[in-house]
Amino acid sequence: MRALAPLGALGRAVLRLLGEVGRVALFALAAVSHVLRPPFYAREFAQALVQIGWLSLPVVGLTALFTGGALALQIYAGGARFNAEAVVPQIVAIGIVRELGPVLGGLMVAARVASSIAAEIGTMKVTEQIDALVTLSTDPMKYLAAPRVLAATLAVPVLVAVGDSVGVMGGWLVGVARLDFNGAAYLENTVNFLETWDVASGLVKGAAFGFIVALMGCYHGMHSSRGAQGVGRATKQAVVSASVLIFAANYILTEVFFAA
Amino acid sequence: MIELRGVTKAFGETRVLRGVDLSVPRGTSMVVIGASGTGKSVLLKCVLGLVAPDAGTITVDGRDVRAGDRDAFLARFGMLFQGAALFDSLPVWQNVAFRLLRAR
């Protein structure tokens with residue numbers, strides 16, 4: 001029987017994982033249903049929009065700027081190996097708009113927002129504020145989770161759009177200042193090369209990533225265990241799970257959008 | 001009248017409430033005393049429906065506390081939490097007027 005112990009441990013781990021997946025799926029369904037059904041908390045939604053969208057602009061913008069610049073240098077160096085330096089504007093644009101803009105934007109928002117949501121809701125949980133909400137006839141899912149999930153789902157695509165523009169401009173800056181590209185020709189090549197679906201697919205990814213970030217923050221916050229250690233663990237789990245799910249969702253969405 | 005019949009609640013291996021039977025008639029006051037961790041808060045949270053018991057029934061004026069119109073039911077209760085549970089993201093007046101603001 002002792003020889004079967006590792007199998008038993010593996011089975012328990014798989015069951016725990018499946019149980020967690022089921023709980024997250026039910027939580028996601030509940031969050032979506034609360035987003036769609038009244039009452040709506042406009043004040044909480046507006047606050048979440050500012051926290052998630054407006055205050056994330058600097059970090060998303062700076063990340064995109066430096067990524068665009070580095071990408072231009074890398075593509076120039078790589079392209080030089082087979083005399084294809086001229087493709088820098090096009091590859092920077094498609095790389096930023098389809099992949100790096102949404103993924104890096106999503107990750108930066110995950111680091112900034114998932115942690116803050118989990119810490120805030122986790123603290124409310126351990127100080128019994130969530131129980132107090134229920135005694136005041138207020139559904140915590142509707143009051144805490146729904147506004148944040150909706151705000152993140154709407155705000156992150158806008159952040160991605162801003163990040164795309166700043167990232168392309170980062171590539172343009174490096175292209176013009178370091179790699180001797182003509183500024184006007186660089187921009188013309190970028191605009192002519194990109195298709196509507198390139199940009200739209202990135203924005204759809206942004207919406208999915210925003211949903212994931214807020215969902216993980218709310219889920220881990222509401223399931224936080226007691227004490228400062230419990231809140232710390234919830235914060236860490238929110239960021240890690242949101243980041244991993246963003247990468248997984250990115251692969252699935254890329255497969256759906258572009259596998260043909 | 002608040003009535004508990006055979007109320008049982010466990011958290012993992014720890015059984016906090018074991019078949020609690022209790023009647024609190026209208027107009028009376030009751031004090032529950034016990035050492036830390038013996039389930040006083042859990043008992044109160046079960047009465048308000050914040051925690052679901054594993055077994056047993058809890059009724060207020062003959063009605064199950066977790067059934068029917070929860071808003072109307074909870075409006076009849078006030079609960080002061082051990083750690084105050086003030087909404088620290090809201091100013092004092094919004095804490096005081098929370099239910100009124102929500103009803104607007």
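Even glycines carry a Cβ here, placed using N, Cα and C.
Look at TrEMBL and you will find A:21-40, A:52-73, A:149-179, A:199-219, A:239-259 tagged as transmembrane segment.
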Subject >> Long-range environment of the transmembrane segment (A:199-219) - Cβ separation under 8 angstroms, sequence gap at least 6 >> reply: 23-24, 27-28, 31, 52, 97-99, 101-103, 105-106, 109-110, 113-118, 121, 144-145, 148-149, 151-161, 164, 237-239, 241-242, 245-246, 249-250, 253, 257-258
Subject >> Beyond the flanks of the transmembrane segment (A:21-40) by at least 6 residues, Cβ under 8 Å >> reply: 139, 141-142, 145-146, 149-150, 215, 218-219, 222-223
